[in-house]
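Asker: Please read through the structure below; I'll follow up with questions.
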């Protein structure tokens, strides 16, 4: 009896449906690698704290750069950056999105992007709670650095999308209740209005 191969429907979580599979797989690699090194590096491979710290920081920095400059632009058509006015020294955040009339965003790419964008800070928050509960304050410094980098990208891309297109799957989980949505919206607007 022959088994028919099922083709995944558009928007499902299958990297094979991606418009940019190499970008998507690289993005997912960097998103997960820093977490995996932090979780398993010390216990399985080495007991050298400094080595694990440096490798995790390098992976977090690479993830930050790749997400901000490459994956966001290619997967969902969003970019953000910070400009400093030379005369006054004031910092200004700039947000840019691709014109929906000229660029079609792949549903699979969009889903992977927003799920990975919101999931990583949540996982680092859980790791911060574990570090606090186990009184491992030296590891908490690494988790705080990871939180700063991942939350900055998450807030910037959410602001760039103006909470409209990201609302589908991912922000329903993050901003499900009206109270959480209002608090998060206020925090983000205060953060970027400076």
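The backbone N, Cα and C atoms fix where each Cβ goes, glycine too.
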Asker: Given the ranges 137-157, 158-178, which one is assigned the annotation transmembrane segment in TrEMBL?
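Answerer: Transmembrane segment, as annotated by TrEMBL, spans 137-157.
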Asker: Below 8 angstroms Cβ to Cβ, which residues of this chain, lying six or more residues outside the transmembrane segment (137-157), approach it?
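Answerer: Answer is 34, 38, 49, 53, 56-57, 60-61, 63-64, 67-68, 72, 76, 78, 80, 93, 95, 117-118, 120-121, 124-125, 127-128, 131, 166, 188, 191-192.
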